[in-house]
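Below is one structure; the comments refer to it alone.
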């Protein structure tokens, strides 16, 4: 790690004998909290605020970081040397205004992270999808190979739990080596602040359209990122992604001009390598095989031995909210009148085993990939996807893609949209000319209409539910699995899917294990070409 610290270079020499103070506005974010942990390991006194408490803010408190709930000017320490704010913080935020009034240095999260990257040999992982998994895999490979990297990632890994004094999983690892592994977010062009030594680009897709507007702008932004790589650096890109491969000539020109070592990876090139990776990976899906292949390609470019690569990849069992296994439900229910098969459990009762997972997929491409991976691994198991759309603008911009994204599930339960602070305000909705009629209920109706129009018995998706109250989920599940369409299924998987706060309902669902409340949930269930109202 470089001794030239850009954070302390602006601090008067008389303060260097004491702990400098840094304050975070929006400290509960997955990225900002990781950077806060880095400051903590460097001897800074860290504090910050967020609009609401969360598991992340609770964990920060346990590590000795003072966290305020709510933004107030009085929270900002007058002697703070640096204030860092998340991209969701508006310019009129009282804490940000107070920091400027006190003439404290203020930096956005991306700007502060850019300063950090200058102290390390930075390996950045970016792309519309798969960033977190690829970053996690790359981190474990470098650890196994003895690089001892520092890591900032957009999820939490159990492998990093003890590195900052916390017994839990963490989004940060404090390494002693010269390498930084960084998940580089493309939203707001944040990754354009970085000049990494090496980069993996997993794919390009129509994402964050509230900022980028169209795919052409997104592609050009990724080209700018590639141009920012350090001369003589390494670039690893996905040949199987049509949007990336459409930029092949432009990428090659940049690589030649900047003397980059360019590597294209593809699932279709080396079948033997694919078989070996598939055999050792504990994570499911073709998309994760592609992520592993990207990491393998960069690792070989860094001259890491195969034994270290395969050992690390085989040890990875997933991350927070990436098909994360949370527990199981066991229902013992009296059989309905139509059932004529043998009973399970107590005499006369059916016993159902339901495994519950959390997953972060919130874009149609991610949803398709995750559900396809589940269907491939467990072809004879019933699948229920409980999906919470994330951001109204995303749902409208990609509405047609969402309609066709759930074909691999038996049952789709749609919760109301999780609205994102700073991106789903009434002002931003009007500015983007969004329709207020686009919501979860509308999505359920359009998917049902599509199923009716297809008129095929081979379609896996049979039941679509709009459920405005997640608390009624346990009772609803029991009604669904007793439907005559699913009488032949004894085992089920539930995926609590979305990038919002849907994961908060998973413990509630699991706590209902074996309990059945009187009455049925008052939700509209779209089943078999008609809308039913449970009373």
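Quick reminder: no glycine exception, Cβ is built from N, Cα and C everywhere.
Curation plays no part in TrEMBL annotations; they are all automatic predictions.
What you are looking at is a predicted structure, and each value in this text was computed from that prediction instead of being measured.
Some features that TrEMBL has for this protein:
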TRANSMEM  21-40  transmembrane segment
DOMAIN    22-120  domain 'Mur ligase N-terminal catalytic'
DOMAIN    125-296  domain 'Mur ligase central'
BINDING   127, 128, 129, 130, 131, 132, 133  ATP binding site
DOMAIN    354-435  domain 'Mur ligase C-terminal'
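Taking the mean position of the Cβ atoms of 127, 128, 129, 130, 131, 132, 133 as the ATP site, the remaining same-chain residues with a Cβ inside 8 Å of that point are 125, 134, 202, 203, 291.
By neighbour count, meaning other C-beta atoms within 10 Å, the densest spot among the binding-site residues 129, 131 is 131. Within the model, the domain 'Mur ligase C-terminal' (354-435) carries an average pLDDT of 85. The helix, strand and coil residue counts that DSSP assigns across the domain 'Mur ligase N-terminal catalytic' (22-120) are 40 helix, 22 strand, 37 coil. Proximity of residue 130 (ATP binding site) to non-local residues of its own chain (separation of 6 or more, Cβ distance below 8 Å) is seen for 202, 203, 287, 288, 290, 291, given in sequence order. Long-range C-beta contacts of residue 127 (ATP binding site), restricted to its own chain and to partners at least six residues apart, with a cutoff below 8 Å, comprise 134, 186, 200, 201, 202, 203, 204, 238.
In the shown protein chains, 23 other C-beta atoms lie within 10 A of the C-beta of residue 132 (ATP binding site). Of the listed binding-site residues, namely 128, 133, the sparsest CB environment within 10 A is found at 128.
Secondary structure counts, DSSP: the domain 'Mur ligase C-terminal' (354-435) has 31 helix, 18 strand, 33 coil.
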